[in-house]
Amino acid sequence: MDSFSQKLNTYAQLAVEVGVNVQKGQYVVVNASTDVRDFVRLIVKHAYEKGAKNVTVNWQDDEVAKLKYELAPFEAFEEYPEWEAKGREELAKNGAAFISVVSSNPDLLKGIDSKRIAAFQKAAGKALHTYRQYIQSDKVSWTVVGAASAGWAHKVFPGKSEEEAIHLLWEEIFKATRVNEDNPVQAWINHDQNLHEKVDHLNERHYAALHYQAEGTDLTIKLPRKHVWAGAGSVNESGHEFMANMPTEEVFTLPQKDGVDGVVSSTKPLSYGGNIIENFTLTFENGRIVDIKAEKGEDILKELVETDEGSHYLGEVALVPYDSPISQSNILFYNTLFDENASNHLAIGSAYAFNIEGGKQMSREELVKEGLNESITHVDFMIGSKDMNIDGITADGKREPIFRNGNWAF
């Protein structure tokens with residue numbers, strides 16, 4: 001086996017063993033593009049070798065998806081197959097593990113009417129709401145990993161041949177996911193422990209609010225009374241550990257739904273719905289987005305915010321140091337899984353139940369009462385920079401440094 005094949009094999013093994021931590025007799029579901037079938041086959045192989053009972057692959061084809069957006073009647077985007085939504089719910093109910101492989105060309109739907117994209121996102125969000133609750137409350141094991149496709153690689157490395165661009169992107173993915181380490185599994189265990197030290201400190205301090213300051217950003221975010229910081233490894237309902245994102249460099253919690261005030265500016269392009277949104281600013285009053293400006297993709301961003309009532313509010317606050325390995329690579333991935341781990345970020349839309357103390361056991365009404373935002377969407381956008389300072393504000397109004405010049409201050 002050559003060096004690349006070995007790395008690809010190791011990466012697939014990590015997705016199965018560290019990502020979702022497949023258990024004997026478990027169902028496994030893989031969502032992936034036909035563009036990265038060789039990698040997906042390795043995932044399937046390792047899942048069965050770990051004892052999976054049945055591995056199902058939901059294949060997507062980017063070009064087929066694009067043809068639908070170009071040629072299908074508008075009403076096709078206002079519906080989502082009930083059998084597919086119910087199938088996912090049933091699998092989640094039975095404790096399946098879900099692996100999502102992201103590889104799409106960030107410009108796939110460039111030039112497509114934003115209303116078509118918004119209609120589909122809304123229909124899918126509504127249909128998959130119950131399934132996503134299993135995911136967002138960590139009832140089941142799930143992970144998101146990246147795989148290099150020609151379309152994505154060309155965007156990240158323009159001017160290179162297709163073969164070279166794909167090779168370069170794979171190498172960056174391997175670096176970011178610790179595949180190149182002597183013992184990748186142990187490297188992930190060590191990384192998990194390091195992130196949990198930050199989580200423990202923030203949970204101990206239990207700040208009432210955060211204040212962000214940087215060029216184009218002056219934002220105060222109140223945190224719910226029962227907020228909990230999380231990061232790296234998670235534990236599902238059955239007590240099994242898993243790693244929801246590979247890579248991951250973040251520690252995160254949720255904001256008080258109505259407690260966000262001020263202005264925040266993006267620092268990296270946002271890839272959303274097959275389009276790129278760049279250089280945007282959001283203004284908040286009492287938690288709600290009241291003004292949107294973007295140099296590129298403003299219509300797409302506005303459609304996102306108009307998805308439902310909850311998409312006018314934030315659902316996640318995540319801290320990532322400017323000197324994180326992905327940030328230091330100085331590569332813009334045009335993919336949220338990677339770019340969010342190079343930068344502090346926020347998320348428009350739904351919050352995670354596990355970010356509230358006892359949240360996994362709470363009803364929807366109880367969670368809302370505690371300040372959790374509900375939405376059919378959840379979209380991260382990047383706001384971190386090397387000049388960003390963040391203060392933690394205690395219940396009695398004392399300020400303590402969390403970030404200085406883009407990096408941890410404790």
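Note: Cβ is positioned from N, Cα and C throughout, glycine not excepted.
Feature annotation from Swiss-Prot assigns divalent metal cation 1 binding site to GLU250, GLU316, GLU340, HIS345. Per Swiss-Prot, divalent metal cation 2 binding site is recorded for GLU316, GLU340, HIS378, ASP380, and the stated evidence type is similarity to another entry.
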Site with most surrounding Cβ atoms, counting all protein chains shown within 10 Å, from the binding-site residues GLU250, GLU316, GLU340, ASP380: GLU340
Binding-site residues listed as HIS345, HIS378, least Cβ neighbours within 10 Å: HIS378
Helix, strand or coil at GLU250 (divalent metal cation 1 binding site) [DSSP, three-state]: coil
Divalent metal cation 2 site, defined by GLU316, GLU340, HIS378, ASP380: further same-chain residues with Cβ within 8 Å of the Cβ centre: PHE252, GLY315, ALA318, THR336, HIS345, LEU346, ALA347, VAL379, PHE381
